[in-house]
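The structure appears below as structure tokens.
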């Protein structure tokens, strides 16, 4: 069994990116800049944005965090986004979710200029993903999953990939990326009947449902590759959506939780920020 070590891989990728950014600065004088916006005092959001800020600093990307009070109106947030859209020194914009309930998340996502939409959530980027447009900013977690498969030499072409979960953030985009990578893709969701009959056929199984230990050993084919996107808190520990201990001995490769997909998400955010800067300055 191969352990797909996202933590180690992300370190290697960030080292490569640091070199690329240094070279880009020497050639153009440009240092990519990411602006992250937090609305309210959600501790998890602050922690997550803080880790993004540290990652930016480490590779040589400028970053700024704008923290707005919980009472910020939707209009005030949209006006700030407009200002950042027009600021040529800002290459990438991120609005940390969740937002307060009085703010329409969709309106906020749509307001970000597609070329600065570092999370890849804007409809223009979703459409570009379908069309395999090279200018597409791909959603960070799905992009990280495909990078892991590639870096570990796991063939997607002709493979049967089963994705459990159909969210806009992970399930749908990773299904499309796998399809773009020439896999045959089955996407399962809460209305899928006889889930086990699908998962046991998977050469590559991606699980993103937010339920600890949801995928058990009898649901996985011998020799499969399992990508566990889940992050769940159980008895003070972080666990995935897959019963890791039960599944690990029958698979060819598997991601651990923590230390699997998670670190790759922030790494791909850094790569997307660099992509934003390159596209905006062509």
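Residue numbers in this text run from 1 along the chain shown.
Glycine is no exception: its Cβ is also placed from the backbone N, Cα and C atoms.
What you see is a predicted model, and the numbers here were worked out from it, not measured in a lab.
What Swiss-Prot says about this one:
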- 165, 166, 167, 231: NADP(+) binding site (BINDING)
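The binding-site residues in question are 165, 166, and the one with the fewest Cβ neighbours inside 10 Å is 166. Take the CB of residue 231 (NADP(+) binding site) and look out to 10 A: across all protein chains shown you find 17 other CB atoms. For residue 167 (NADP(+) binding site), the count of additional Cβ atoms within 10 Å of its Cβ stands at 15 [all protein chains shown].
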